[in-house]
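Annotations per TrEMBL:
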TRANSMEM  35-58  transmembrane segment
DOMAIN    51-302  domain 'G-protein coupled receptors family 1 profile'
TRANSMEM  70-99  transmembrane segment
TRANSMEM  111-130  transmembrane segment
TRANSMEM  150-174  transmembrane segment
TRANSMEM  207-231  transmembrane segment
TRANSMEM  243-262  transmembrane segment
TRANSMEM  282-304  transmembrane segment
Amino acid sequence: MGKSQEGFMSLNSTAFSYPPYFLLIGIPGLEEEQFWIAFPFCIMYGIALLGNISLLLVIKAEPSLHEPMFLFLAMLAVTDLVLSTSTIPKMLSIFWLGIREIGFPSCLTQMFFIHVFSTVESGVLTAMALDRFVAICCPLRHASILSVPVVAALASLVLVRGVLLVSPVCLLLLRRSFCRQRAIAHSYCEHMAVVGLACGDTRANHVYGLFVVFLVTGTDLVLISASYAMILRVVTRLPSREARLKAFSTCTSHLCVILAFYTPALFTCFAHHFRHGIPPPVHIMVANLYLLLPPTLNPIVYGVRTKKLWDRVLVLL
């Protein structure tokens, strides 16, 4: 009877609803190199902070920049600040200080912000494609179609969409039991990395995760592609070569930002669900860059490529 009771208590101690904390490994396979990898990450994070905060201050201070394109750019800057700040400080503490513990509520909160604002960034990029379509295809109606209330409504829509789609991800995890090891083979609390530690049948988590990915990226990429297809159709009909080049140049920055965001995002997502043949260090490095590269590049790309914004920066300086 004593042995049976002891066995029951041992089993009960491991089959808890969730652990008090997880251990973030960092970059599996590169534990010794992480200290040095953190330096370029820290530099990129500093550039992201400086660039995006500067963008926000310039757009706020200059009334002539209070138009749809720059309002969407301000939304992108806020999103990038949240994405990078929710992950990089903890990541640097892992790489430099060896502080790997993260409480379960903190892990869930980090996961919520990462996935919500990744969805928001995708939505903002789609709204920016819509802005480029209206500006090139309906230039005389641009101000009336994309008025400030419409821009605010679009911003609210992409935020609400992110919260509604990601909340069930966290709720499903709250209903799981974690009775395996507590070590997460990642640098931050990514959804599928945490699901991999759960006991029992996790098909619902996998299926819903893929559903969100396909719904968000599928819908947004279709809308972006349709916008640029119509832009291309209008631009190719312009009479002069200079007019065509000018129209294309207004879209170059946006296309660069789209590639910088969606390329590592799709690689990271499919690597989690179909991980065969992908070395863990490559997977995790790309996942880290997915949250760090767009925030670093976006203010640089738009600051250099957008003449109106660059002129205002020079005037303020």
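Think of each number as a place in line: the chain as shown, counted from 1.
Placement of Cβ uses the backbone N, Cα and C atoms for every residue, glycine included.
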Over the span of the domain 'G-protein coupled receptors family 1 profile' (51-302), how high is the average pLDDT in this prediction?
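Taking every residue of the domain 'G-protein coupled receptors family 1 profile' (51-302) together, the mean pLDDT is 87.
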So which of 35-58, 70-99, 111-130, 243-262, 282-304 has the most C-beta pairs under 8 Å when paired with the transmembrane segment (150-174)?
111-130
For the transmembrane segment (70-99), I need the partner stretch with the highest count of C-beta pairs below 8 angstroms, choosing only from 35-58, 111-130, 282-304.
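If we count Cβ pairs closer than 8 Å to the transmembrane segment (70-99), 35-58 scores highest.
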For the transmembrane segment (111-130), give me same-chain residues lying six or more residues beyond its boundaries with a C-beta closer than 8 angstroms to one of its C-beta atoms, as numbers and ranges.
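Answer is 69, 72-73, 75-76, 79-80, 82-83, 86-87, 146, 151, 154-155, 157-159, 161-163, 165-167, 169-170, 173, 188-191, 194, 212, 216-217, 219-220, 223-224, 227-228, 254, 257-258, 261-262, 265, 291, 294.
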Using a Cβ cut-off under 8 Å, which residues of the same chain at least 6 positions beyond either end of the transmembrane segment (282-304) come close to it?
26-28, 30, 41, 44-45, 47-48, 51-52, 54-55, 73, 76-77, 80-81, 83-84, 87-88, 91, 114, 118, 121, 185-188, 190, 253, 256-257, 260-261, 264-265, 267-268, 271-272, 275, 310, 313
